[in-house]
Amino acid sequence: MSWLDDTDDDEPEFDEADIRMRPNPKANRPRTKRRPAHADARIARVLGVDRGRYTVLIDEDGPEEHTALATRARELRKKPIVTGDRARVVGDASGDDGTLARIVGIEDRTSLLRRSADDTDQVERIIVANADQMLIVVAAADPEPRPRLVDRYLIAALDAGIRPLLVVTKTDLADPASFLRHFEGVDDLEVFTSGHGHMPVEEIGRHLVGHSTVFVGHSGVGKSTLVNALVPTALRATGHVNEVTGRGRHTSSSTVSLRYVGETGRGWVIDTPGVRSFGLGHVDPANILRAFSDLAEVAEECPRGCTHLPDAPDCAMIEAVAEGRLGDRGAARLDSLQRLLQTFAA
Ligand SMILES: Nc1nc2c(ncn2[C@@H]2O[C@H](COP(=O)(O)OP(=O)(O)OP(=O)(O)O)[C@@H](O)[C@H]2O)c(=O)[nH]1
Ligand SMILES: [Mg+2]
Ligand SMILES: [Zn+2]
């Protein structure tokens, strides 16, 4: 299936042997002695993850703010640690060459954005923790915009308690008007358009201040292009991170947090690798309708327990579409919704 092609930065299986071979004396310390509460732990923001190594921001907003590289403590076992997590860190967090701090715990998360391999798969991949906004990036052309992928992102965002925003890029290549009509009735969805020569840097920037915003979308839609326009130091910052990990400068091969600095304040931008599909196996089906707020109001008139599927008797949405009460796009919107509901009804 297509999801296999994703360039995810899923956590690699952590290899304990890998640690023991490193010339790090701390790694060989008997673990039982390190089990206690770690009263000396500091809280650090996880900026990125690469092959079992975490880049963390120590003393965020403090006088000694700096990045350090960390590994995970064995006692965490397979507990996922992702970009955006607030990690409890012990050991050498100086960030000096060759040092490796240790993550011994994760603070409670305010949100968790997940996707599954496909809709029936309960195995989930965690994309980012603690984001409160999702900027869904879709290109007007090259690649062709896919309304159904956007629907899926909307559902995932609403399910995770994350506020969705939408930007259509490459408007220099095609007119996004007909694509955007799909989302006209969606409540409170802030929509931006962007193209070569007219990137809405200030407009989007205003929405980033005070928030942690994850940029999602199909590969090649221009997520990193936007990130670089919004965060001029993005390349430098990733350059630094990758210097340590010895990887090339590909912001898009893994999920990375970058600080947005605007005139009115700061925020966090999380650039993610493109995906081809976005499974919703973990989502509460009740949250699907919420992504279709244009239809949800009509659904209130549906009989109790209405499935809203094509064979549902007296479905108010089906009737409204038949009577043309939901506008030109009504039928297409209902079709999108029914496809999603069908996936879950299966
Ligand atoms: N014509 C046009 N090209 C654009 C625009 N925005 C981005 N591009 C081009 O689209 C290509 C892909 O952009 P990226 O920013 O790498 O896309 P991405 O979403 O980060 O892709 P992944 O990292 O693979 O997920 C690049 O060649 C960009 O120059 C735009 O507004 N107009
Ligand atoms: Mg990218
Ligand atoms: Zn119904």
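Even glycines carry a Cβ here, placed using N, Cα and C.
Here is what TrEMBL records for this protein:
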- 1-16: compositional bias 'Acidic residues' (COMPBIAS)
- 1-38: region 'Disordered' (REGION)
- 120-278: domain 'CP-type G' (DOMAIN)
- 129-276: domain 'EngC GTPase' (DOMAIN)
- THR169, LYS170, THR171, ASP172, GLY217, HIS218, SER219, GLY220, VAL221, GLY222, LYS223, SER224, THR225: GTP binding site (BINDING)
- CYS302, CYS306, HIS308, CYS315: Zn(2+) binding site (BINDING)
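Mapped onto this structure are the features recorded in TrEMBL.
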residue : record              : DSSP class
THR169  : GTP binding site    : strand
GLY217  : GTP binding site    : coil
LYS223  : GTP binding site    : helix
CYS306  : Zn(2+) binding site : coil
CYS315  : Zn(2+) binding site : coil
What binding-site residues in SER219, LYS223, CYS306 place CB under 6 Å from ligand 2? LYS223
Can you check which residue among the binding-site residues LYS223, HIS308 has the largest number of Cβ atoms within 10 Å of its own? LYS223
Taking only the residues in the domain 'EngC GTPase' (129-276), give me the average pLDDT of this model. 86
Just to confirm: which same-chain residues, 6+ apart in sequence, have a Cβ under 8 Å from the Cβ of CYS306 (Zn(2+) binding site)? ALA299, ALA312, ASP314, CYS315, ALA316
Ligand 1 is in the model; which of the binding-site residues THR171, CYS302, CYS306, HIS308, CYS315 have a C-beta less than 6 angstroms from one of its atoms? none
Could you put numbers on the helix, strand and coil content of the domain 'EngC GTPase' (129-276), residue by residue per DSSP? 52 helix, 38 strand, 58 coil
Around the Zn(2+) site formed by CYS302, CYS306, HIS308, CYS315, list the extra residues of the same chain whose Cβ is within 8 Å of the site's Cβ centroid. ALA299, PRO303, THR307, ALA312, ASP314, ALA316, MET317, ILE318
Using a Cβ cut-off of under 6 Å to any atom of ligand 3, determine which of the binding-site residues THR171, GLY217, SER219, LYS223, THR225 qualify. none
Using all protein chains in view, find how many other C-beta atoms are within 10 Å of the C-beta of VAL221 (GTP binding site). 25
Measure from the CA atom of HIS308 (Zn(2+) binding site) to the CA atom of SER219 (GTP binding site) and give the result in Å, rounded to a whole number. 33
